[in-house]
Amino acid sequence: MSGASVKVAVRVRPFNSREMSKDSKCIIQMQGNTTTIANPKAPKEPAKTFSFDYSYWSHTSPDDPSFASQNLVYNDIGKEMLAHAFEGYNVCIFAYGQTGAGKSYTMMGKQEEGQEGIIPMVCSTDFTILHSRHYDKHLSLSNVSYMEIYCERVRDLLNPKNKGNLRVREHPLMGPYVEDLSKLAVTSYTDIADLMDAGNKARTVAATNMNETSSRSHAVFTIVFTQKKHDSETDLSTEKVSKISLVDLAGSERADSTGAKGTRLKEGANINKSLTTLGKVISALAEVVSFSKKKKKTDFIPYRDSVLTWLLRENLGGNSRTAMVAALSPADINYDETLSTLRYADRAKNIKCNAVINEDPNNKLVRDLKDEVSRLKELLRAQGLGDILDRSGIKCVYMCDIQNNKHRYLIASENQRPGHFSTAPIGSLTASPSSGSLCSQVGLQSVTSIQERIMSTPGGEEAIERLKESEKIIAELNETWEEKLRKTEAIRMERSALLAEMGVAIREDGGTLGVFSPKKTPHLVNLNEDPLMSECLLYYIKDGITRVGQADAERRQDIVLSGAHIREEHCIFRSERNANGDVIVMLVPCERSETYVNGKRVEDAIQLRSGNRIIMGKNHVFRFNHPEQARAEREKTPSAETPVEPVDWTFAQRELLEKQGIDMKQEMEKRLTEMEILYKKEKEEADQLLEQQRLVYESKLQELQKQVETISLVAETPDEEELEEEEEEEGFELAQWAFRKWRYHQFTSLRDQLWGNAVYLKEANAISVELKKKVQFQFVLLTDTLYSPLPPELLSPEPEKEHDARPFPRTVVAVEVQDLKNGATHYWSLDKLKQRLDQMREMYDRAGEMASANQEDGEGTLTGNDPFYDRFHWFKLVGRAFVYLSNLLYPVPLVHRVAIVTEKGEVRGFLRVGVQAIAADEEAPDYGSGVRQSGTAKISFDDEYFKKNDFPSTVMTRSGLSLEELRIVEGQGQSSEVITPSEDLGDDLAGQLEVGSIFTFRVTVLQASGILPEYADIFCQFNFLHRHDEAFSTEPLKNTGKGSPLGFYHVQNISVEVTESFIEYIKSKPIVFEVFGHYQQHPLHLHGQELISPPTPSRKYYPIPMPLSKPVPATKLNTITKSNLGQCVSKYDLLVWFEISELEPTGEYIPAVVDHSGGLPCHGTYLLHQGIQRRITVTLIHEKGSELHWKDVRELVVGRIRNKAEVDDSAADAVLSLNIISAKNIKSSHNSNRTFYRFEAVWDSSLHNSLLLNRVTPYGEKIYMTLSAYLELDHCIQPAIITKDICMVFYSRDAKISPPRSLRNLFGSGYSKTPDCNRVTGIYELSLCKMSDTGSPGMQRRRRKVLDTSVAYVRGEENLAGWRPRGDSLILEHQWELEKMEQLHEVEKTRHLLLLREKLGDAAPVGPAPTTKSLSESLSPSMSSDTLSTSTSISSQISSTTFESAITPSESSVSKKGFLSFMEPRSNSWVKHFVVVRRPYVFIYNSDKDPVERGVLNLSTAQVEYSEDQQAMLKTPNTFAVCTKHRGILLQANNEKDMNDWLYAFNPLLAGTIRSKLARRRSGLIKN
């Protein structure tokens, strides 16, 4: 049989689920032994054809006549190879193919009948043939081994003790073999099946994208059976030894197809490495056969490049009969892998194997080994080590080495006690019965000297090693069959005994039966306060010494405990046998250790009894169990009753307290008695104090009563009467002022109306949705101002007296009706809403009877028959503008460019209007187009009428005071030179304004620009404030929104009889211009198309900052109630740094990379790794102050995990409280004027159980989380709350995170060297307020409960899709709109005054201070903290003014940015910083590339100062100062122009004043 080729078969499997889901097509065809594969990528190419020994078609179902089953494969290959094995040849069958191609199915199969693979069927048939031929069991012997090659390392799958990797060695006679590989004897197929099943369970498998149970290792199952025959004629015994190697290779795979990552990727790389080596070996063997029979240098076979090819060297081109089964995938998506497998198999069929019959191999091998031993001994004698051989030193050293081997074989001795094992005797040619005793006689010193001699002799160590190796192999070969059986049984018994000792019972078939306590070994079980956690931990007390201590002790501790009171070496358990042979356990406590036995502290060694309670430290409680001792005690006293109380954790703790002399019941009674005595004492003291106060108050009342009686008896003098009248008048004025002030706070009643009527609004919206009306209802606040006069239908009737006394504009709650169908907006009063709601209910009740056509009829909506719709005007109001007439006093002609402002305070365009005084007979100019008014309109100003109807021009601000009552915060006294018309010019008026004369002036409407193209036809009308019923109107003009402005050129002459009322009017009051437009979204223009509401215009003014997220509720604190605040003591601006650190391989926590590519302050995205321990660090920075001292961090909570920036309040999310590990003040070396307070917490993101935090974030997605810190301050009853929304992106654990490209350009190569840039900032305002008197009527009124009807259920509210009625936020927004409109009004007024001043020149009179204050306020609006904070009413309140939650600034919101030099207080040196002004804050950076804010200044609370004297004193030009409440900062600009630009960015009013002074100074110098 020498020179036989390798048998090669190919087998194609059916489609798997993955291939069927991709609609794969079959590219394999088989005809006889020919296999054809077609290229799906090039259908025109001819198919490739291969010929093999067998081609198995298993792609279809078993019903197909050409289907190749498992039995067919076995009959063709398995039976042939098994027959060769019985002939005495070595046999090898291995399967090859890509992963998931069906190799394991062909080799192992399944357990179902008819699905067995080649390996089980070969083993089964083997023993069937043996029994059928009546072979004697003792003459036909078999043993098996099972190993796997995982990542180029060999593992034994049958012996549980061989947990490590086995060594692959090569013998000069035997070739490559695995050292210490288990070879277990078997007598039946059942034994083989059990061992095969045990090995398969231990084999390494894993799931990939291509195969759910992918083999991750190569498995080699080897059967070695010996056939002994006795020839009666020659009286000689012969042996035939055959080795059957059945190999299941792991499949080749591609990382992109399998989706392998991490460990799977490493496994695939090793698999592909070994298979590549196997392919090289096959190719080299095929080339050797094909080209030449001579051995050349190029014919090197790379067997040693892989463990697989090294072990299969004999099967590949050696002494073996080999068959190869190539498994194929039929799918077109696996074309490349399938073609590679076919080429692989085509090369393999060319290999020639030189197989010979293995007859009497042991005899020949033993003989060769004897010669090898003799040669080695001669070699040692030649090197001078003969005396060692004569004294059997080598044997002694060898036996000692055998005894120290951790994988030695143990055989049970029948005459010894169970569980004891002795070393198996190993036969050798030089062994003697006394060798064991000889080894014991040779001392440690002699052995050491022998080893030193061996090491010093050249080549001696190698010779000794080979001698030991040969003797070990001879000992294994000389083992009898009975010894091998005993060895196999010993391993099984040792496994069972080891598991039984651990408390695990095993069935005879190897399955697990259950877990129980050890039957013999003493042990400890834990006791816990939770009964379910008791007796869950079990510690064995081994023979000898068992040490208990901490993990970081110098010596290794057998039982490792942790805790504050556990010492490094706490105690020792000593287990030994006494004279009677019983096992006793002694507890020996170590020095200064706290160890208690049955409640008593032990200082010396003590013998333990079964059931003793042992407490180590303060928290570790155990019960000692001694099974043999307990069993003996039960036999002595079988009738002993079980104790009534169980011996658990409570019992042990109570026992400890009792033994220490502490009686819990007595202690509780004693403590209760003390508390009762203390309560009585405090109650008596409180009663005494109350009685004393009562007596004091009664005495004071009596004294006051006596004073009143005395005063009433004294006669009143005339002087006293006058004094009383003055006091009464002052008191009346004060009361009147207080009444007006508190009457202005009308928003409290408005809040009641909002929440009280919310249910009606909700019901109206629900009915609108049910009836499919395209109408939405929402609350709106309307205030009667110049820009937004209230319609008469929204004004509630009030007494005339109250109307006259009202010093502030009226605000009402209305309903904004958005008619989405007609593109119109209406305002309803609450009464009208209730009336219409009754009609809506009636319509809803009869909705089923109405025809659907009526609901969509557009005509009904226009005529107003539907309660949901109102008539709408053809023209819509664009906005209003105001033109003041004070230039008529001088007279000076002026052309105004005024802003057209909507009712919401938004600028929608500009209007150019001219006003001038003319003669009575002067005609209007001809502009060429427009309207020329030939006549003159006469308007009367009746003094009596104006006295009855006051028209105030003042609009109230949010603070509740008029603008005349406000004061300048910055630059006081700098704007006193602003010119305004005097209120006392009655004597200096021109002759044409004499009372009683006729005065004529002209109003010319010139142009309109900037109006949106949504309004088609534009016209303008104007009139005086007291003439609402009449107006002067222009002709409408077509508006395209592009090109030149709209030219009205409308001229109107007005004639007036001069009265005191007229003079007062032109001094302070304007003409109102109203611009109307034809709204293009009218339904008649769009022919009834479906319309949506016009988009909300973007706000050019920033609203009141509102935090994006509410604070995450605390878990450890009580519910934070709203406290009653009094006077605000102080306010601080907090700059907070947020860092997330990750654990690095070095053991340090490094801040994670932050993406600042957005370029906005207080923004950033954390780039985190998946599944790494993290910590959150928060640093608070603020100016030093005597009132602000951080005491502790009460709690840090995180929650609201989401993948969008918005917070869904309805979504329930688990709140996680983090463990605070440090909180302290840190010192700053470069800045002593600020306080740095830092705290750090541990964050385990897996505790959230959120998929968003556990997985890798998909591309383009971001994860958001809300963080809230509760901090305790000294002398504050409520904690301060800091809330921040965190943005994160998670990458894989091994990913190398690099900053984005923009960041690389920004920071260059130094990005990673600046870890302080990896943080996100937040800006907050902290207000410290006093507690107010809760008993005052004002506080009781503010604490009253408001009836919130928004939570009441109405029918159909589930269809509103999250809609809610507006509440308190509407009031805040409306207050901001009022302030915005007032600022626009003041701007227009100031523009008029400045224009008038320019016309008048220097001869104009200077106005008084009150009007100057209004003007200065218009130029520098009050940015008080009330307009910037959203603080809640608690004692220590923190309000977020961060940009990410309040505003989203664009580049236009940056007033100025550049470098400024700061004076350092310590060194008095200038340090340059990069500064960005985003009002109301100034952000300070280290450089222009620094993304993290290092400091912040609040311009709304700081004061900017500029003084030339200060510059002269410092001798430093271009300097100015910014003073906060706690410190002053001196700044220096590059030059004078740069300084003026910075001043304008910081405070425009101050900069304007400085420029005005400089201009006057220059003009004065020029005149002189």
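Including glycine, each Cβ sits where the backbone N, Cα and C put it.
If you check TrEMBL, you get these features:
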DOMAIN    5-351  domain 'Kinesin motor'
BINDING   G97, Q98, T99, G100, A101, G102, K103, S104  ATP binding site
DOMAIN    546-602  domain 'FHA'
COILED    665-707  coiled coil
REGION    1405-1431  region 'Disordered'
COMPBIAS  1411-1431  compositional bias 'Low complexity'
DOMAIN    1453-1551  domain 'PH'
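Broken down by DSSP into helix, strand and coil, the domain 'FHA' (546-602) contains 0 helix, 27 strand, 30 coil. The binding-site residues in question are G97, G100, G102, and the one with the fewest Cβ neighbours inside 10 Å is G102.
Within 10 Å of the Cβ of T99 (ATP binding site) there are 26 other Cβ atoms, across all protein chains.
Averaged over the domain 'FHA' (546-602), the predicted model has a pLDDT of 91. Residue counts of the domain 'PH' (1453-1551) by helix, strand and coil are 23 helix, 39 strand, 37 coil (DSSP-based).
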